[in-house]
Structure formats: C-alpha cells, structure tokens
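Trainee: Sending over a structure as structure tokens; questions will come in a sec.
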Amino acid sequence: MNSTLFSQVENHSVHSNFSEKNAQLLAFENDDCHLPLAMIFTLALAYGAVIILGVSGNLALIIIILKQKEMRNVTNILIVNLSFSDLLVAIMCLPFTFVYTLMDHWVFGEAMCKLNPFVQCVSITVSIFSLVLIAVERHQLIINPRGWRPNNRHAYVGIAVIWVLAVASSLPFLIYQVMTDEPFQNVTLDAYKDKYVCFDQFPSDSHRLSYTTLLLVLQYFGPLCFIFICYFKIYIRLKRRNNMMDKMRDNKYRSSETKRINIMLLSIVVAFAVCWLPLTIFNTVFDWNHQIIATCNHNLLFLLCHLTAMISTCVNPIFYGFLNKNFQRDLQFFFNFCDFRSRDDDYETIAMSTMHTDVSKTSLKQASPVAFKKINNNDDNEKI
C-alpha cells in the first residue's frame, strides 16, 4: 500500500507515460491527455483544504493534549502519536504527490527523491498501527476492565515498536528509489530535456510485487480486519451492558448514549476502510496490470483516489478528539489564544464506554444499592 501511495506516483508516471512505445509518450503531448485548468484548480483547492485541515487539526490535538498534564493517559498518548503521523502525511505526502503527478517529472532533488517516499511510508504505517493500538486499548477498557489494562509505559513501548516496524518496512524505498533521466534520453521533445523522474527500481518485477503485496496486507487488510474485530466485540459488549442497565436506570438516557457510541464505533471503522479503499484498489490493479488503466485518465484517477485516502488525516482528529467535549472546550481556548486551565473534576475519563471501567457483569450483580447509585452519579459525568 505504498507503491500504493508513494512510489505509485513515480511508477505510474514512468511506466505509463514513458514506456518503450513512443505512442504513449506522444499521447501525453496530446491536448486531450492534459487535465483542464479548471480541474487542476479544483484539485489544488481540494488538496490545499485537506493540507490545511490536516495540519491544523492534528497540530491542535497535539498541543491541547501536551498542554494538559491530566490528559496524558494511554488513550491520549496514542492519539498524539496518531496525530503526529497524520501531520507528517499531510506535510510530506500531499504536496509532493500532487505536484509530481501533475508535472510528470521530479523537481525536488535526489535526496528528497529517496526521503519523500520513505517518510511517507513510515508515516502511514505509524498512523494505521496507532489506530490498531487505540483499538486494543478500547478493547481492554470495555471488554476486560478487570483484566490486563495498558498503562502509559505500555503505550510508549507500543509506540516505539510501531516506529521501528514502520522504519524497517519502509527501508526498500531508501535502497531502491532512484532519480534518473533515463526515460527522457531518447525523447527529442524540448519539453522533456533535462527532466528527471523519481521511481523505485527493484531488482525484478517479482521483488516489487512481493513488496507491494506485503504492504497491502500490512497497511490495509491486516489492520482493518483486526480493528473491525475489536470494535465489533466492543459493540456486542456495550449492547449487552445496555440491556442490563435498562433494568436499573433511566432507559432514555442509556439508549441515547449507546446509540451515540455505536455510531462512533461504526464511523471509525467505515471512515478508515472507505478512505483507503479507492487507492488500494487503484494500486493493486496497477501493480498487477497497469495497462488496464487508460494513459490519459491515469493521473486524474490517481489524484482522486489519493485525495480520498488523504482525507483520513482530517477525519481522525474529528473522531478521536473533536467529538469529545473536553477537546471542544479546549479547542475554544486554543483558537482564542487563552491559557489552558486545569479542570480535573470536569474531564471525561472514558472515551467509548458508557459505564465506569470497573463495572462488569460480575460487579453489577454484587454492587450494593448505595454503591450502584454512586456509580450512576459518576457515570452521568463520563460521557464521550
């Protein structure tokens, strides 16, 4: 899912635009193959909006969490890691990919040729596995509240492991990414004189296909299946818990809270899958048979798929932060340039659970009326 994301731009341009057949190259000189200015302008606005929202949204989340010491729990530590990786994607992935795809030649130098896809692959791997760690933390918080629960130290260790894995899985881009003018050497058109392309040059097509297939599993299908399983189990547990609580407390409040949580859980999984699905399909098709994709429609189709995937950098802060009332409140202070004030008694302590984390099936049966009343009172303040 990397050639998928990064080298795909390079490879698409090289293999599609500069094949051994001059007809393909000449096709790009045909006016019918150039994107209309109106389309380029629209895409530029869309990419600009995603970059601005992705950078500002994730930066705001990072600052708000780091500013508040009482917010440095496992969930928020993982959210900061997620936001940081999304921030890198918004900075390193969107502008370079957009410019290179439109220009069909590389203008950012040899060092950036190697660094750009490497950083992009690292960032996306970190982002996706941050979602996995958050799913694990939610799972333990709700499914097994009396069992093993990750603490801050576990979160930091998990983040370190993610970054090591991301760097290791991205090393082929540092090794095989090259900047060359070879595709233009036999071209007599002045427009392509002194032009370079940046793409991966694996030892063979089988090596490239093996690597891109591995990334496809590592960066999409594997994490998506795992996240879906975790949130499905959470959904089932919350539904059962809701049925138990309906017998002992106000049904209207409990039903609305459960509905809200279920929608959030569904939205998290759907947003992740939907944002990345078009680019995943596009890259899979291109990797195995790039001739299926029409030369003239290639760049536009890729940019649309890529833009859809990059929207995930804006969606994540909304789901993991701005739907939380604490973040909404602190965001007002953030944009008003006011000091952040500590509000320990005011802060939510549970992001997805409708019950206190110590309340399980067993504890519900054993709780005394007085204790249960206290739990209810506390629970009213622990909303998403």
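Quick reminder: no glycine exception, Cβ is built from N, Cα and C everywhere.
Sharing the features that Swiss-Prot gives for it:
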DISULFID  CYS113-CYS198  disulfide bond
CARBOHYD  ASN2  N-linked glycosylation site
CARBOHYD  ASN11  N-linked glycosylation site
CARBOHYD  ASN17  N-linked glycosylation site
LIPID     CYS338  S-palmitoyl cysteine
MOD_RES   SER368  phosphoserine
TOPO_DOM  1-44  topological domain 'Extracellular'
TOPO_DOM  66-76  topological domain 'Cytoplasmic'
TOPO_DOM  98-116  topological domain 'Extracellular'
TOPO_DOM  138-154  topological domain 'Cytoplasmic'
TOPO_DOM  176-211  topological domain 'Extracellular'
TOPO_DOM  233-260  topological domain 'Cytoplasmic'
TOPO_DOM  282-299  topological domain 'Extracellular'
TOPO_DOM  321-384  topological domain 'Cytoplasmic'
TRANSMEM  45-65  transmembrane segment
TRANSMEM  77-97  transmembrane segment
TRANSMEM  117-137  transmembrane segment
TRANSMEM  155-175  transmembrane segment
TRANSMEM  212-232  transmembrane segment
TRANSMEM  261-281  transmembrane segment
TRANSMEM  300-320  transmembrane segment
Trainee: Would the transmembrane segment (155-175) and the transmembrane segment (77-97) count as touching if the test is at least 3 Cβ pairs under 8 Å, pairs 6 or more apart?
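Mentor: They are in contact.
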Trainee: For the transmembrane segment (45-65), which partner among 77-97, 117-137, 261-281, 300-320 gives the most CB pairs under 8 Å?
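Mentor: So the stretch in question is 77-97.
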Trainee: Identify, in sequence order, the residues in the chain of CYS113 (disulfide bond) that are 6 or more apart from it along the sequence and have a CB within less than 8 Å of its CB; answer 'none' if there are none.
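Mentor: Within the chain, CYS113 (disulfide bond) has Cβ neighbours under 8 Å at TRP106, GLN177, VAL178, MET179, CYS198.
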Trainee: Same-chain Cβ contacts of the transmembrane segment (212-232) under 8 Å, 6 or more residues past its ends?
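Mentor: Residues 1-4, 121, 124-125, 128-129, 131-132, 135-136, 138-139, 169, 265-266, 268-269, 272-273, 276, 280, 283-284, 287 contact the transmembrane segment (212-232) from elsewhere in the chain.
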Trainee: For CYS113 (disulfide bond), name the DSSP secondary structure in the helix/strand/coil scheme.
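Mentor: It is helical.
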Trainee: Around CYS198 (disulfide bond), how many other CB atoms lie within 10 A of its CB?
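Mentor: Here the count is 28.
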Trainee: Provide the three-state DSSP residue tally for the topological domain 'Cytoplasmic' (138-154): helix first, then strand, then coil.
Mentor: 9 helix, 0 strand, 8 coil
Trainee: On the 0 to 100 scale, where does the mean pLDDT of the topological domain 'Extracellular' (1-44) fall?
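Mentor: Mean pLDDT for the topological domain 'Extracellular' (1-44): 53.
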